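In what follows, a single structure is set out as structure tokens and then discussed.
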Amino acid sequence: MSRGREPRRLLLLVLALLAAAGPSAAELVFGFYNATCPIAEGVVFAEMRAILQDDPTLAPSLLRMHYHDCFVQGCDGSVMLRSRRGTAERDATPNRSMRGFDAIERIKAKLEMLCPLTVSCADIIAMAARDAVHLSEGPWYEVETGRRDGNVTVAEYAANDLAPPDSNIVDVKTFFSVKSLNSKDIAVLFGSHSIGTSHCAAFQKRLYNFTGAMDQDPSLDAGYARRLKKLCPRTGGRGRTKVPIDPGSGSTFDLSYYRHVLETGGLFQSDGSLLHDAATRGYVEKMANASSPDEYYKDFAAAMVKMGRTDVLHGSLGQVRATCGVFVD
């Protein structure tokens with residue numbers, strides 16, 4: 001690990017101890033809007049279906065948005081806030097490639113027409129993530145709702161709280177433990193990489209300069225590395241080239257991701273890191289050899305609900321605003 005990561009790791013370890021008591025005692029429930037906006041989930045799903053019919057590639061981005069929202073200040077919709085000075089979460093390096101902001105605004109505008117100032121942006125993001133999974137041939141699961149929206153957004157928080165793609169398993173476990181997520185949760189939630197693509201820059205280091213000695217990550221399958229190098233040469237290939245995280249099944253939410261990680265070491269170093277811990281490796285092997293996705297779908301639903309409880313605002317805390325992406329400065 002680089003020296004620059006040591007202070008961050010120490011900070012995360014301290015925060016992990018503070019989080020050891022478990023998730024915040026959030027007043028989230030299934031069907032929170034049954035009385036105030038009973039059509040809410042139906043509206044979100046109908047809009048998501050239309051959005052993904054127009055652009056199926058938004059599905060992984062909208063799933064990723066929920067993760068990035070929850071890991072930075074909790075699931076409070078702050079990832080949607082904007083800054084004229086470029087200091088919002090969405091301006092941070094991990095979020096610069098994020099897509100789907102307009103999709104969330106579209107859903108929010110529809111709900112505002114039907115149920116003004118009722119459904120929070122944070123809940124829309126959570127429901128949209130679920131629908132993105134389901135519309136990618138993945139499971140349908142119930143989403144707890146009742147979150148309220150935060151009004152603070154800081155780019156540095158996103159840079160510090162999101163595990164980078166070149167994280168090793170120690171770093172990954174530290175980032176997740178801060179959010180009261182355990183080794184099984186890590187292995188389950190990483191299955192989200194079953195859908196989506198990545199630019200070359202996110203994994204170029206594995207191919208050409210893994211330890212700073214112009215070397216390749218030895219845990220990366222040699223044949224897979226050769227294919228990646230053709231797509232992402234040492235010079236060039238960084239621009240608009242997109243590589244599927246789960247080759248051959250990058251638009252279908254299934255178990256193929258686990259087979260790919262077990263066989264090749266995965267696209268990101270963090271994917272491959274799952275093989276370097278007994279608990280996470282055991283889960284990867286189990287899912288890679290599973291004859292049915294049923295157990296994984298059940299585990300995924302539970303992990304998403306658990307992550308969705310992270311440091312939420314509820315009751316009199318936070319707000320429900322008419323527009324998700326308001327400027328904070």
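The count begins at 1 with the first shown residue.
Heads up, the Cβ atoms here are built off N, Cα and C, so glycines get one too.
Curation does not apply to TrEMBL; its annotations are automatic.
Per TrEMBL, active site, proton acceptor is recorded for His68. Around His68 (active site, proton acceptor), the same-chain residues at least 6 positions away in sequence with a Cβ under 8 Å from its Cβ are Val79, Glu89, Pro94, Asn95, Met98, Ala158, Leu162.
Look at TrEMBL and you will find Asp69, Val72, Gly74, Asp76, Ser78, Glu89 tagged as Ca(2+) 1 binding site. Spatially close to Asp76 (Ca(2+) 1 binding site) yet at least six residues away along the chain are Asp69, Ala122, Arg147, Arg148, Asp149, Gly150, Asp311, Val312, Leu313, Gly318, judged by Cβ distances under 8 angstroms.
Per TrEMBL, heme b binding site is recorded for His193. Packing around His193 (heme b binding site) is summarised by its Cβ count: 25 other Cβ atoms lie within 10 angstroms of its Cβ, all protein chains included.
Asp246 (Ca(2+) 2 binding site) has a Cβ environment of 26 other Cβ atoms inside 10 Å. Annotation comment: TrEMBL describes Asp246, Asp254 as Ca(2+) 2 binding site.
According to TrEMBL, the feature disulfide bond maps to Cys37-Cys115 (among others). In sequence order, Leu111, Leu114, Cys115, Thr118, Val119 are the residues near Cys37 (disulfide bond), counting only same-chain partners six or more apart with C-beta under 8 A.
The Cβ neighbour count for Cys75 (disulfide bond), using a 10 Å radius and every protein chain shown, is 31. Sequence annotations record features per position, and here TrEMBL assigns disulfide bond to Cys70-Cys75 (among others).
Less than 8 angstroms from the CB of Cys121 (disulfide bond) sit Gly77, Met80, Ile104, Lys108, Asp149, Arg321, Cys324, each of them six or more residues away in the same chain. Residues annotated as disulfide bond in TrEMBL: Cys121-Cys324 (among others).
Per TrEMBL, disulfide bond is recorded for Cys200-Cys232 (among others).
Annotated domain 'Plant heme peroxidase family profile' per TrEMBL: 27-328, in sequence order.
What TrEMBL lists as signal peptide is 1-26.
Among the features that TrEMBL reports, site 'Transition state stabilizer' is placed at Arg64.
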Listed in sequence order, the residues of the same chain lying six or more positions from Ser78 (Ca(2+) 1 binding site) whose CB sits under 8 Å from its CB are Asp69, Val72, Glu89, Asp149, Gly150, Asn151, Val152, Thr153
Apart from the site residues Asp69, Val72, Gly74, Asp76, Ser78, Glu89, the 8 Å Cβ neighbourhood of the Ca(2+) 1 centroid comprises His68, Cys70, Phe71, Gln73, Cys75, Gly77, Val79, Ala122, Gly150, Thr153, Tyr157
When the recorded positions Val72, Cys115, Cys200, Cys232, Cys324 are compared by other Cβ atoms within 10 Å, fewest goes to Cys115
